[in-house]
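TrEMBL has this to say about the protein:
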COMPBIAS  377-393  compositional bias 'Basic and acidic residues'
DOMAIN    14-87  domain 'Glycine transporter'
DOMAIN    102-172  domain 'Glycine transporter'
REGION    285-393  region 'Disordered'
TRANSMEM  12-31  transmembrane segment
TRANSMEM  38-59  transmembrane segment
TRANSMEM  71-88  transmembrane segment
TRANSMEM  178-199  transmembrane segment
Amino acid sequence: MQEVDPLIDSLYRWSDVSGVLLMGIIGGTIARQRGYDIIGFFFIALFSSLGGGMIRDVLINRGTVAAMSQPEYLILAFTGALIARFVYFKGRTWDILQAHGDAIVSGLWAGTGTVKALTYGLPVVPCIMMGVFTATGGSMIRDVVTGRVPGVFGDNQPTVIPAIAASVIVLLSDSMGYLAVGMVVGPVVSIVLSLLGYWGGWRLNSNPEWAPVNESAAQVAELAKKAEDKSRAVGRKYEPSRIRSWRHRQMEKALQRRIELEVKRGKRRSTAESDAEEFMETFTSEFQSDEHDAGEQYSGYTSSQPAPMLKESEYKAPEPSPELAERVKPVTGTPSDAHHGDGHDEEQEKEPGTGFFADIGMDFSGEAYENYDEETSTDHVEESSERSDDAHNEMLDLILSDDKLTDELVNRLIKKYKERED
């Protein structure tokens with residue numbers, strides 16, 4: 001380490017002893033506020049004024065602690081306690097004086113601790129630690145003894161950051177061969193930062209809920225959810241045409257069976273065919289099917305001439321999962337009214353939205369698909385209604401692969417559309 005100018009050394013010496021006296025007064029004032037007796041004044045003044053230097057010297061472990069080897073330190077600390085015992089410092093003026101005095105002393109002590117660590121050849125990080133401990137160690141011990149959260153930990157003006165700034169400047173100056181300049185500039189920067197923090201109300205974030213990683217993860221999850229919703233809309237829009245063709249053919253076959261049933265009941269074939277065509281148009285528009293991929297493929301067929309089914313080699317209905325098959329089992333075992341009935345359709349008398357189709361989780365009336373492609377917020381969507389499109393499509397394919405279920409679906413949709421028109 002370089003030799004320090006005697007003037008700077010003397011300035012540090014006088015600032016050091018003056019700081020001990022001032023911190024002794026501040027410690028005694030805090031003892032008065034806590035209601036301690038004269039013994040408490042002495043101890044709190046001692047911890048406040050000499051605690052940081054003691055921590056530094058004990059950690060360096062080179063020689064006797066300075067506060068014990070030089071009696072003037074203890075004398076000045078106890079003198080500060082006596083002054084605080086006989087004079088009650090309070091009010092706005094004292095608060096301002098205390099804040100400014102603490103800023104000056106902390107800046108100088110940070111430089112002193114760093115220089116002493118450099119003297120004993122400590123590495124960079126320990127040198128910074130010694131500067132911080134010298135500047136803030138006394139106040140930490142004082143706060144712990146008086147039963148308070150140390151000010152350097154709570155939501156208070158930053159004191160450690162100015163001390164670190166002073167230590168870093170001293171170290172950089174020493175590495176460049178200008179230690180004397182660093183010993184002046186470092187404490188000045190620390191004092192300025194402390195005063196700016198005092199008058200500017202600077203505070204370090206102490207919010208226990210602040211977790212940027214969690215917040216970022218939540219934002220990513222929200223974006224992924226929006227992208228998933230959009231992809232579902234696109235997937236339904238560009239669903240494979242072969243699957244859509246099979247679904248529409250199944251619906252047309254069900255309509256043909258319904259036409260034949262109504263003709264047997266005495267309804268005119270032309271009227272039944274007209275009703276079937278009207279229903280098919282409504283159903284197609286509700287689900288926004290692609291005219292080119294699905295609708296135009298059936299333009300050559302009428303209700304009286306059902307479209308032929310796809311060959312099994314061309315498309316085969318997907319095998320249902322065990323869960324879905326279990327749910328369908330009670331229904332497939334019940335005869336459909338489309339095939340067995342005496343003119344009275346029991347299934348149509350059931351309330352819409354009850355029975356098996358109410359458990360599917362799909363709105364076959366088309367109301368839930370009116371704004372399907374629009375971006376929707378997940379805030380107002382109930383958790384029970386959030387189902388996978390894959391599960392919906394699997395359920396729909398399962399229904400259409402069974403004639404009885406398809407007939408029941410057509411009956412319910414026709415009844416729903418009639419109620420809407422009324």
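Backbone N, Cα and C define each Cβ position, glycine as well.
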Tally of DSSP helical, extended and coil residues in the domain 'Glycine transporter' (14-87): 64 helix, 0 strand, 10 coil
With DSSP helix as H/G/I and strand as E/B, how many residues of the domain 'Glycine transporter' (102-172) fall in helix, strand and coil? 53 helix, 0 strand, 18 coil
Surrounding residues of the transmembrane segment (178-199) on its own chain - C-beta under 8 Å, 6+ positions past either end: 1-2, 4-5, 8, 12, 99-100, 102-104, 106-108, 110-111, 114-115, 118, 135, 157-159, 161-163, 165-172
